[in-house]
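The annotation compositional bias 'Basic and acidic residues' is assigned in Swiss-Prot to 142-162. Residues annotated as N-linked glycosylation site in Swiss-Prot, with sequence analysis given as evidence: 63, 248, 361. As annotated by Swiss-Prot, region 'Disordered' applies to 139-162. According to Swiss-Prot, the feature transmembrane segment maps to 82-102, 114-134, 170-190, 255-275, 304-324, 331-351, 371-391.
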């Protein structure tokens, strides 16, 4: 009987308990409603309050840690100048030293043609795989996560802004091609057309003919040929020197800004620029020799273009502009230079490779083999710049 009573009363007690608990929750909700809050708002308030505290603690920790790291990464003004200029001078001297070990050959020498093909590949790779991609995306991807929360509000504006920047880079590249074309045409008009690329074989033949005329007038003949050779230097050589000077200036800007940001970043940028400049300077040397310079004249002119790197470095250190970041974001200069490199490679260098077999009595098989070697050299130049871009 007692057991039956307990079984009958137990559900009733459970129902009363649940009703009392629900009534208590209703009273709590009513109190919150009277003060102008509901459960959802209270939850949001607690969440936001806790979130704000977390953000505050994280910001304090971040600022504290960054405050501790700054003295270790920053350099004094004197060290920044010494390190930056030393790095630029070292990068400028290293390729010039390497050029002394390249054997001197006349303009139609097979080894020089291979270097010329390597230089064409380096110019195209530098322009299309390094300079233009960098100009299209000059900023780091580290800000992606920070801006992700605002992507829904600004997606359309960001897309329009990026598209206009990409179009602007393309316009600068085209402008570089057109300006270099007009400069070469102007040089040809001023020099009376004596710098046309098809005359190179006749110039070399005339040089050998004069050398074999009379041994008694050998030294006078060499001096006369050197003077005449300077007059017959192709316009592509001058265009290449201008492009190198501007390109070296951007490298100097990058190195100066990198050492201003910290010693580690400065030396990493220096190593990257050095790896980039070594194959580039070898190709430029081949272009200058092919255009009419002697070996030592080409080396001297390469040293002159190195003044662009020193100028850019000094300019970067003087203005200390954060806009000139470690990546060397220099607006229109880089894509304009890329256009110049594309013009030199496609208009001045590659046609020389296509005509190289016409100056020699070579069989068709030998010409095909020579073309294959040139193609491999071009691919090696492009591949070198691709590797440098990946490392950078």
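Every residue, even glycine, has its Cβ placed from backbone N, Cα and C.
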Of the stretches 82-102, 114-134, 255-275, 331-351, which racks up the most C-beta pairs under 8 Å with the transmembrane segment (371-391)? 114-134
Suppose we draw a 10 Å sphere around the Cβ of residue 361 (N-linked glycosylation site). How many other Cβ atoms does it contain, all chains included? 7
Counting across all protein chains present, how many other Cβ atoms fall within 10 Å of the Cβ of residue 248 (N-linked glycosylation site)? 28
Rank 82-102, 114-134, 170-190, 255-275 by Cβ pairs under 8 Å to the transmembrane segment (331-351) and hand me the top one. 170-190
Assess whether the transmembrane segment (255-275) lies in contact with the transmembrane segment (82-102), where contact requires at least three Cβ pairs under 8 Å among residues 6 or more apart in sequence. yes
Sorry to bug you, but what's the C-alpha spacing from residue 361 (N-linked glycosylation site) to residue 248 (N-linked glycosylation site), rounded to the closest Å? 40
